[in-house]
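Encoded as structure tokens, the structure appears first; notes follow it.
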Amino acid sequence: MAIRFVTSNEGKVREAREYLADIEPIEQINYDYTEVQSDSLEEIATHGARETFEALSSDEPVIVDDTGLFIDSLEGFPGPYSAYVEDTVGVERVWRLTSEEKNKRARFRTVLAYADETGTETFEGSVAGTLVAPRGEGGFGYDPIFEYNGETLAEMDTEAKNAISHRGRALAEFAEWYGERTDD
Ligand SMILES: O=c1[nH]c(=O)c2ncn([C@@H]3O[C@H](COP(=O)(O)OP(=O)(O)OP(=O)(O)O)[C@@H](O)[C@H]3O)c2[nH]1
Ligand SMILES: [Mg+2]
């Protein structure tokens, strides 16, 4: 049975497909679920997945991915507001905000929520890295300013990014759980 990935972000879908291709087909759908006002990615993703599953008549399970960039020197900003901050001030200015700070550490976190008729489950992944001046053409979002092991996420191909990324780790957890569950 296909899994419906509820998102407007094609980069997320590309990464999920690369990872889950052998498990289930991933179908992208747009559904404007309520983004609850919360500083918890888990709460936002769980509500989104549940609401979407209940609203659509099909039995096919849904997943929602809520991601944030948490910058140490800015007390975790933009965190759950990462999409809003990218759309308003943009990635380049987020870099400039932190370029003067001594501590350039940041962390990406993804919470993936899965919902079907039996309930909702969440899976989490995170990666720590260093903020740098933008480099690379791949990826999306904040990828060009986030360096891991000498390379920005935008300098990696999808497979290399998935192997170390917040989303890749959440997808790995999900795939393990989903595999065990469909075995029996
Ligand atoms: O450098 C990045 N590497 C990533 O792997 C990544 N994943 C998400 N993001 C960005 O973080 C915000 C998440 O917001 P978000 O979870 O609400 O997603 P979104 O609004 O883009 O799509 P949707 O799924 O909500 O429709 C948005 O600004 C995304 O561009 C990333 N940036
Ligand atoms: Mg969003």
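The backbone N, Cα and C atoms fix where each Cβ goes, glycine too.
Taken from TrEMBL as is:
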{"type": "ACT_SITE", "residues": "Asp66", "note": "active site, proton acceptor"}
{"type": "BINDING", "residues": "Thr7, Ser8, Asn9, Glu10, Gly11, Lys12, Thr67, Phe140, Gly141, Tyr142, Asp143, Lys161, His166, Arg167", "note": "substrate binding site"}
{"type": "BINDING", "residues": "Glu35, Asp66", "note": "Mg(2+) binding site"}
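Proximity of the binding-site residues Thr7, Asn9, Glu35 to ligand 1, judged by a Cβ distance under 6 angstroms to any of its atoms, singles out Thr7, Asn9 in sequence order.
When every Cα pair among Thr7, Ser8, Asn9, Glu10, Gly11, Lys12, Thr67, Phe140, Gly141, Tyr142, Asp143, Lys161, His166, Arg167 is compared, the largest distance found for this substrate site is 20 Å. Sequence-distant contacts (6 or more apart, same chain, Cβ under 8 Å) of His166 (substrate binding site) comprise Thr67, Arg107, Phe108, Arg109, Thr110, Gly125, Ser126, Val127. In the three-state DSSP assignment, the secondary structure recorded for Gly141 (substrate binding site) is coil. In this structure, the C-alpha atom of the residue listed as 'active site, proton acceptor' lies 11 angstrom from that of Asn9 (substrate binding site). In this structure, the CA atom of Gly11 (substrate binding site) is 20 Å away from the CA atom of Glu35 (Mg(2+) binding site). Neighbour list (Asn9 (substrate binding site), Cβ cut-off 8 Å, at least 6 residues apart, same chain): Asp65, Phe140. Each of the binding-site residues Thr7, Thr67 was scored by the other Cβ atoms within 10 Å of its Cβ; the lowest score goes to Thr7. Neighbour counts were taken as the number of other C-beta atoms within 10 angstroms of each residue's C-beta; across the binding-site residues Gly11, Gly141, the minimum falls on Gly11.
Cα of Thr7 (substrate binding site) to Cα of Glu35 (Mg(2+) binding site): a span of 12 Å. Calculated from their C-alpha atoms, the gap between Asp143 (substrate binding site) and Glu35 (Mg(2+) binding site) amounts to 23 Å. Long-range Cβ proximity for Glu35 (Mg(2+) binding site), meaning a same-chain Cβ under 8 A and a gap of 6 or more residues, is found for Ile44, Gly48.
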